[in-house]
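Let me begin by presenting the structure, written as structure tokens, before commenting on it.
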Amino acid sequence: EAPRAAVSPQNGAVPGERSKRDENVKRGNWGNQIEFVLTSVGYAVGLGNVWRFPYLCYRNGGGAFMFPYFIMLVFCGIPLFFMELSFGQFASQGCLGVWRVSPMFKGVGYGMMVVSTYIGIYYNVVICIAFYYFFVSMTRVLPWTYCSNSWNTPDCAGVLDGNGNGSAAVNLTRLLNATQKRTSPSEEYWRKYVLNLSDDIGNLGEVRLPLLGCLGVSWVVVFLCLIKGVKSSGKVVYFTATFPYVVLTILFVRGITLEGAVTGITYYLTPQWDRILDAKVWGDAASQIFYSLGCAWGGLITMASYNKFHNNCYRDSIIISITNCATSVYAGFVIFSILGFMANHLGVDVSKVADHGPGLAFVAYPEALTLLPISPLWSILFFFMLILLGLGTQFCLLETLVTAIVDEVGNEWIIRRKTFVTLGVAVAGFLLGVPLTTQAGIYWLLLMDNYAASFSLVVISCIMCVAIMYIYGHRNYFKDIEMMLGFPPPIFFQICWRFISPAIIFFILVFTVIQYRPISYNDYVYPTWAISIGFLMALSSVICIPIYAIYKVCRSEGDTLLE
């Protein structure tokens, strides 16, 4: 900390705050820069890269989706990523404290906290399902290998069943009885055994105890890794952020050597250009960039607030964004080589094979894993990778909430008791996740995924852009960055922040409203009341912004709005 004293005492301190130096001695810093970059990579690269990106890609016209995706990355993703990092680093505060720059917009911070809460609740449920699969993989034969179990139906067609029902037999059956739908044992294991799926979102049934146990395990792990805040989680990410790449590569090599893999990859990369005019494709591309990079979740501001004041966050933001998108594309190859193989085996088109959403990771992958020699080993590895990907994001979601609470209260007493705040938030998160482990849990999980954390992110980001650029003032902001980095932000970023990013965000918002279609899961269509709950969740984060602004205006002295 010694060299920091050389800088003028007010180095970037927001008015009403003591100089930067003692502030950070109190809050703590990252051990070194690599910890920050790895944590941010772990945060940005999450389950979405494996079970959301390839699925969006295959739903939105294969290779044609890459085009809107990379445009959104360059004009929206990287600029917003850099903005959030520099914002948090400059103020050295969590997602609430940073709004001292423009107190009226503190509601944006509360909105971010609400979004992080929703995501934190359901994200850990996905991790807990990965934990469940991880534990059941510790057998000699994976339980979803054959069709001979009590939960299987007559429609089941295993890859390894020795009774000769290869693709020829399947094709014959399809000709004789076109209505009969063949399913894989892994899909039946997922729907009929793991989830014991009920017929309706309102029909909760019973809590699946194995999943509840795994949910407890995943919250305990997250809590232990964050017990000392960024000091402890910074050490954990050396492993959690790097190991998934090893596993992905192993699976990639195995995937492309399977028969039919080329078909799947062709499907992944062949562009359907007519889809590019569909606004939904652009909306999904933007959502995915936001979702994937973690813009507007509050986590980037939080992580950057633990940086040294003069850290080059411009370089970091580009490294992290590019790594994240490269991982998404890479994971797509791994998934699609396997989908192509499954389609080839079942004698159907690739588009018929995949289940939506998390089912992709818990159906398509496990199916492929049964084909590998010593399959339980690969299965353990793969689900361990999913767990690590999820945990990297979950650490930051929890840290965002805890940091916001601690910085907001801000006295010595609560800073000393930060561990208890972490414990409290973790216990609350566990209890709120319990309904998602019931038989209708997956319906609720997808409802939260689709509504709570998609377009509210876009609105929050847009308002944040406007607040910093136009209310706080772009000249002030560029000066702050120059003071921090030693150079002003490049012209491209200045233009993006002021005009392009907010404009793109706004257009997407309009498009989505026009092209809105209600959510469904496979053949199940959600009832109106469930969709209303979804909208309320989406609204609950955005509504914080105007409510807080009105509250602030009413409380402040002055006759006119400008004062």
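Cβ from N, Cα, C; glycine included.
Note: TrEMBL annotation is automatic and uncurated.
If you look up TrEMBL, you'll see 1-24 marked as region 'Disordered'. Summarising the annotation, TrEMBL assigns Na(+) 1 binding site to Gly42, Val45, Ser292, Asn324, Leu389. Residues or ranges marked as Na(+) 2 binding site by TrEMBL: Ala44, Asn49. Look at TrEMBL and you will find 66-87, 108-135, 242-269, 289-306, 318-343, 377-398, 419-445, 451-472, 492-514, 526-551 tagged as transmembrane segment. Annotated disulfide bond per TrEMBL: Cys147-Cys156, in sequence order.
A 10 Å cutoff on Cβ-Cβ distances gives Asn49 (Na(+) 2 binding site) a total of 25 other Cβ atoms nearby, all chains included. The largest share of C-beta pairs under 8 angstroms with the transmembrane segment (526-551) comes from 451-472, of the ranges 242-269, 318-343, 377-398, 451-472, 492-514. Within its own chain, the transmembrane segment (377-398) is flanked in space by residues 39, 41-43, 45-47, 49-50, 116, 119-120, 123-124, 126-127, 130-131, 133-134, 137-138, 142, 218, 221-223, 225-226, 233, 236-237, 239-241, 243-244, 247-248, 250-251, 254, 294, 297, 299, 302-303, 361, 365-366, 369, 422, 425-426, 429, which lie at least six positions past its ends and keep a Cβ under 8 Å from the stretch. The Na(+) 1 site, placed at the center of the C-beta atoms of Gly42, Val45, Ser292, Asn324, Leu389, has further neighbours from the same chain whose C-beta lies within 8 angstroms: Val41, Tyr43, Ala44, Gly46, Gly48, Asn49, Thr327, Gly392, Thr393.
Ranking the recorded positions Ala44, Cys147, Cys156 by the distance of their Cα atoms from the Cα of Ser292 (Na(+) 1 binding site) places Ala44 first. Between the transmembrane segment (289-306) and the transmembrane segment (242-269), the number of CB pairs under 8 angstroms, six or more residues apart, is fewer than three, so the stretches are not in contact. Taking every recorded stretch in 108-135, 318-343, 451-472 and counting its Cβ pairs under 8 Å to the transmembrane segment (66-87), the highest total belongs to 318-343. Residues 38, 45, 54, 57-58, 62-63, 327, 330-334, 336-345, 350-351, 368, 371-372, 378, 381-382, 384-385, 388-389 of the same chain sit 6 or more residues outside the transmembrane segment (242-269) yet have a Cβ under 8 Å from a Cβ within it. Sequence-distant contacts of the transmembrane segment (451-472) (same chain, at least 6 residues past either end, Cβ-Cβ under 8 Å): 80, 83-84, 87, 101-102, 104-105, 108, 111-112, 115, 118-119, 122, 286-287, 290-291, 295-297, 497-498, 501-502, 505-506, 508-509, 512, 519, 531, 534-535, 537-539, 541-542, 545. Tertiary neighbourhood of the transmembrane segment (492-514): same-chain residues 72, 75-76, 79-80, 82-83, 279-280, 282-283, 286, 455, 458-459, 461-462, 465-466, 468-469, 474, 478, selected by CB-CB distance under 8 Å and a gap of 6+ residues from either end.
Looking at Cys156 (disulfide bond) and Asn49 (Na(+) 2 binding site), their Cα atoms lie 29 Å from each other. Taking a C-beta cut-off of under 8 Å and a sequence gap of six or more, Val45 (Na(+) 1 binding site) has these contacts in its own chain: Ala241, Pro244, Ser292, Thr323, Asn324, Thr327, Leu389, Gly392.
Of all the recorded positions listed here (Cys156, Leu389), the one with the fewest other CB atoms within 10 A of its own CB is Cys156. All protein chains included, Asn324 (Na(+) 1 binding site) registers 25 other Cβ atoms within 10 Å of its own Cβ.
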